[in-house]
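First the structure, in the form of structure tokens, and then the observations on it.
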Amino acid sequence: MFRKEQHSNAFHRFRIDCSSLCQCGSMYNSNCAIAHKRLRPTRIIRCIYMVGFMDLFGVSMIIPLLSHHVKSLGASPTVAGIVGSTYGVLQLFSSTVVGSWSDVVGRRYSLLTCLLLSGFGYGLLGLSTSIALFVLARIPVGLFKHSLSICRALLSDLVLEKERPLVMGHFNAASSVGFILGPVVGGYLTEHEGGFYLSSFVCAAIFLLNAGLVWMLPWSETLNHRIDANANSKTKPSKSYDELKNSVQQNCSDKNHVCHTNASAVRSQTNGGWGWRDMSVVQPAWRQLTSVWIRIRMVASSDMWDVFLVRLLMAVSIMLYYSNFSLAMEERFQLKPKVTGYLISYSSMLGALAGCLVGPVTHLYGNNMSALLLHSTALTCTLIFLYATAPNVWQVLLTSTFFAISTTIGRTCITDLELQRGGAQASGTLIGAGQSVTAVGRVLAPLLSGLAQEVSPCGPPSLGGVLGLVAVGLLFVRTPKWDSKTKVKDKSPKQ
């Protein structure tokens, strides 16, 4: 009874001080009711959706043109393959490092850096009149094209755990729409003289515009959201009150009522896993590198090998499904490339729309992401086998329809499960590590596809189905352990 009165008094004191402190600046006038209702920072979330759309819109303008351009520079098929793998190898080693770096220096600074350097790389690609310049242009893009991963980490910071699948699904849908529309614009520009160079410069301009949008994002909402989240915390209310009071006073200390937040102090006080500490940018490089190394080592030594292994198996499985899709359609059903292109576009559009289904589906499962991942993986595996044994085009069309939906849900589930298991305080590191695992799949899938295709046109998807079965078996074994850990984690604050 005494504890309950103490919590109530602390909460009441916070409401009183909030109403007085919020008078110091118009920026916080709308935040006086934060103790009453938790509001999602929708404005910055919608801006992040736009960043994701523009990012993949610009990238997809270039991707279909790269192999043709490098061959036009005089590269042999072997050299073209080696040059093409440069990006994947760089992504493999840089994904985790850049993701962890965003945890250290903050989302805003790291996102701006990635967008500007990626834009520089695509601009340099527009000047590539030799193979050496082409390879040089791919280096900054391979090292710093992690803007989508940082956006996902930022979204994870901004929303509750139960809201995360819905927001991630919408972000993936917006990004996928950009990936669908980009090749249309890129193909139109290519028809003009010097079309590849023009497309590269347009892509670079899009990344610069994206950087400008990130710079102008309403970052004040992130602090308001952090204060709001801690005000509604169920644990240690008196301590949260003092921390939030100091934080609000600090943000309202300027005489012109302008927010000059020391976000690193906010994060160290609240220990809430906040991810945009702009003041930590001024840390020495060696200290940043040390922090990055510590975070990566913590993830590497954690008990998350099973989640990353499932991601790797399903990444390779899905890539094997698509690896020889056009060639298989031509050999098995005598489909023209044009018709196959329509089928791929249809599947891609369904995948984009399926992002909007992630929220309702996770709600239907009661936010049990491990069960949803198991079912979506089993469905994906079944659909791959149905495609490999399809007797006609109509069965391929049917499997493509549900395949686009199941893979979209599965990708969101595995990301959310990684964040659940690893903790939101290292969301950048975890998402980056997941992207590194996927990059390993991009290296392995072409090799396995070539070997399997020597046997049969149905060899790659059949092998993908087998790998999917291994993933399903692993999930059957590990899911009960994940659920038991989740129950213990949910009960611990109450004890």
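Heads up, the Cβ atoms here are built off N, Cα and C, so glycines get one too.
TrEMBL has this to say about the protein:
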DOMAIN    44-485  domain 'Major facilitator superfamily (MFS) profile'
TRANSMEM  47-67  transmembrane segment
TRANSMEM  79-99  transmembrane segment
TRANSMEM  111-137  transmembrane segment
TRANSMEM  172-190  transmembrane segment
TRANSMEM  196-217  transmembrane segment
TRANSMEM  304-323  transmembrane segment
TRANSMEM  343-365  transmembrane segment
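The average pLDDT for the domain 'Major facilitator superfamily (MFS) profile' (44-485) in the predicted structure is 82. By number of Cβ pairs under 8 Å, the transmembrane segment (196-217) is matched best by 111-137 from the list 47-67, 111-137, 172-190, 343-365.
Recorded stretches compared: 47-67, 111-137, 304-323; the one with the most Cβ pairs under 8 Å to the transmembrane segment (172-190) is 47-67.
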